[in-house]
Amino acid sequence: MPSSISVKLVAAESLYKRDVFRSPDPFAVLTIDGYQTKSTSAAKKTLNPYWNETFKFDDINENSILTIQVFDQKKFKKKDQGFLGVVNVRVGDVLGHLDEDTATSSGRPREETITRDLKKSNDGMAVSGRLIVVLSKLPSSSPHSQAPSGHTASSSTNTSSTTRTNGHSTSSTRNHSTSHPSRGTAQAVESTLQSGTTAATNTATTSHRSTNSTSSATRQYSSFEDQYGRLPPGWERRTDNFGRTYYVDHNTRTTTWKRPTLDQTEAERGNQLNANTELERRQHRGRTLPGGSSDNSSVTVQVGGGSNIPPVNGAAAAAFAATGGTTSGLGELPSGWEQRFTPEGRAYFVDHNTRTTTWVDPRRQQYIRTYGPTNTTIQQQPVSQLGPLPSGWEMRLTNTARVYFVDHNTKTTTWDDPRLPSSLDQNVPQYKRDFRRKVIYFRSQPALRILPGQCHIKVRRKNIFEDAYQEIMRQTPEDLKKRLMIKFDGEEGLDYGGVSREFFFLLSHEMFNPFYCLFEYSAYDNYTIQINPNSGINPEHLNYFKFIGRVVGLGVFHRRFLDAFFVGALYKMMLRKKVVLQDMEGVDAEVYNSLNWMLENSIDGVLDLTFSADDERFGEVVTVDLKPDGRNIEVTDGNKKEYVELYTQWRIVDRVQEQFKAFMDGFNELIPEDLVTVFDERELELLIGGIAEIDIEDWKKHTDYRGYQESDEVIQWFWKCVSEWDNEQRARLLQFTTGTSRIPVNGFKDLQGSDGPRRFTIEKAGEVQQLPKSHTCFNRVDLPQYVDYDSMKQKLTLAVEETIGFGQE
């Protein structure tokens, strides 16, 4: 039986701003089944309009489609009509069966508040934001004549009322509503809806009339029957947002387009289940961001709402599930739960048992499903079992209903659910997956949040060490936790990430240079460095070590890599772990071999050693006791193990105790000691320095092209040139284009830009006589379309090895 409903359009938020210098004047057009049309007033110059206007719609059934479109009044007469987004809502999905008694215990109509993300139309124009809508079924009134479904809007005379916040009420027909922004706008709205220029309204109108035109004038069927008779037990008939009928089997929690029959066998039902599963998988594979590339190694997260989601229109289904909206018929909330509403009208749920809140309706079991590189399900967990997101995290949906996550602590985004294990390829080493989980936890801690404001540091390239020392040491730790803004003297470049990456790259080369006597190369090789025990030759050495500790902490805090590797023992010392004999191998291989030989062989009568060590200090040999009166205690087979432990402790730790303490004082001013202990020494090395080895195939795999395609000759020449270079030249190219020669542990897929992860990009730009130009903040290189390989290689090499400094376009 047809019913009447009330639709209150509360507000919209975060609308898309198409003009740089002005905000839109948004108004909304509400349409039921394509022939009942209402319009709100226009809110002036805002991206967050607040209407709070109520509309009444008659002759509604649960299959009716409510379409809400948002336009910019200033542009409504233009070609695109100032389109700002559309939302389609099936009334039955929100209010349930309209023939049921849905009144509350107080006799007032039950209201359902929903929040829906705005969607694109067929023209593909970018939209953003969401609508807050309140729907309620009105009490039954006296019978009235029903207009035939074949009548157009211009011939109908049904009346409705429009209620606004100021209390005024006016009467309007379908053609003319006094609540329209203007008379011209109202006529334009009507003509637009009749001509079908808006794809969403046109689709809903066509599908509704095609399916219901023959039956709506005679009888309205319930969800459990149709013109062919009653459905089998446990089956229900529903209509998606485009008016297409599908069937829900509540027995198996599956959906199908095929109408079930009473004699349907279990085998047929099983085949249908498999078919639906495969259909859902194919739909999921096709979900990508607009303009994005489909990468088999990436992981897609899908939110589902059980049997309430039809087998098509996954975008609307995922958007509905993400809002955590309720559906009538779900029953009472579990014990200890309460439903509340935000000031914007969005429903949320309070669990008084655990004193937590969630957007997810506990009566609706939602799943987060993770797909692997072969598009097979590798994880499926209920949202309720995953628990809340870490502090500062938020889950959002793209325009294509793909779930992504926002880390407000670091102002970055990611596809990966921070509550789930690593979404890396399944063939990567286990330590990388473990490391990623630890990093997510580490970054989510309140102490690692970037504070409001900016920290400005200005340095000269030729005096970067001393200038950085003066700038960083004069700042308080709280100031250093604000967003870093690095400025090179005499250069115009703005720091959106690339300048600061180059700052840390250049500074690490200077402050770890043995020329300053603060660090020295290990005896094992000339690549790893260790603290110089004779750094005291510089009377200010402890202040410099505190400064270096601050720089390392700054790099970790702001996600910047340092171009240096310490000996492994230093990372263990930072974690307060005890050093052992194996750590000596990276410090001095000859000493390690000698101590190891002592443990494996008898030394009685062979070695004449005591519990002391000789330390050379600027040409003077000083004897140091490893234990009290150690120089008079002989080393034997019985106590040689103790000697090895004491000598290792002295050789690695005790000689540099003062310098290391100053270093850690500076480091812990930005990174609390208890947080960094979640890592082991190998992971801490990756956290500070990233990975130096460059994988060309991984680089190519995670590269985007603008103006070029991967098959273009210039691109082939570029990768041929990179392949011919050695690792040092590749590192220089990476530093030229991104500001650092290091890459994250997850490879090029996790390269960071100015606003979060940003892939390496090659753009077609510049004249052939020009050198390539880099944009380090955006990991982008402008590569002209050179005419031959030799000229491209020559100019690329010249740009990488000879250019210096930042400019501004």
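Note: Cβ is positioned from N, Cα and C throughout, glycine not excepted.
Looking up K78, K120, K258 in Swiss-Prot shows the ubiquitin cross-link annotation sitting on K258. As a summary of secondary structure, the domain 'WW 2' (331-364) carries 0 helix, 13 strand, 21 coil according to DSSP. The local packing around C777 (active site, glycyl thioester intermediate), expressed as other Cβ atoms within 10 Å of its Cβ over all shown chains, amounts to 22. Mean pLDDT for the domain 'WW 1' (229-262) in the predicted structure: 77. Across the compositional bias 'Basic and acidic residues' (108-122), DSSP assigns 0 helix, 9 strand, 6 coil.
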